Amino acid sequence: MSLLTEVETPIRNEWGCRCNDSSDPLVVAASIIGILHLILWILDRLFFKCIYRFFEHGLKRGPSTEGVPESMREEYRKEQQSAVDADDSHFVSIEL
C-alpha cells in the first residue's frame, strides 16, 4: 500500500487506516517500482566506490589477453609503443 492512498481517520476512538482502491494495478505497480528504487538507491550508496571503480577501470582495459601467448603480448606492447614514439609532437597515453 502506498502512503498516497492511505487515509487515517478516527474510528471508534482508535486511529485506523481506510485504504481506497489499494488493489488497483497502477497502485501495486507504483509500490513495487518505489520499493525497487529504494533498494537500488541504498545499494548504490553502500557500494558506490566498488561500482564506479569497476565502470571507470573496467571500460579502460582494452582487448583481452586471455589465452594469448606472452610473446604475442610483448609484440603488441612494442607495436603500441612504436605508435606513441612515431608522433613526437603530441603526447599520447596508452594504458595496457
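Placed from the backbone N, Cα and C atoms, the Cβ positions cover glycine too.
Lifted from Swiss-Prot, the feature list:
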- 71-80: compositional bias 'Basic and acidic residues' (COMPBIAS)
- Asn20: N-linked glycosylation site (CARBOHYD)
- Cys50: S-palmitoyl cysteine (LIPID)
- Ser64: phosphoserine (MOD_RES)
- Ser82: phosphoserine (MOD_RES)
- Ser93: phosphoserine (MOD_RES)
- Trp41: site 'Seems to be involved in pH gating' (SITE)
- 1-22: topological domain 'Virion surface' (TOPO_DOM)
- 44-96: topological domain 'Intravirion' (TOPO_DOM)
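Structure coloured by features recorded in Swiss-Prot.
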residue	record	Cβ neighbours (10 Å)
Trp41	site 'Seems to be involved in pH gating'	10
Cys50	S-palmitoyl cysteine	8
Ser82	phosphoserine	9
Whole-number Å value for how far Cys50 (S-palmitoyl cysteine) lies from Trp41 (site 'Seems to be involved in pH gating') (Cα to Cα): 14
Inter-residue C-alpha distance, the residue listed as 'S-palmitoyl cysteine' and Ser82 (phosphoserine) (nearest angstrom): 35
For the compositional bias 'Basic and acidic residues' (71-80), residues assigned helix / strand / coil by DSSP: 10 helix, 0 strand, 0 coil
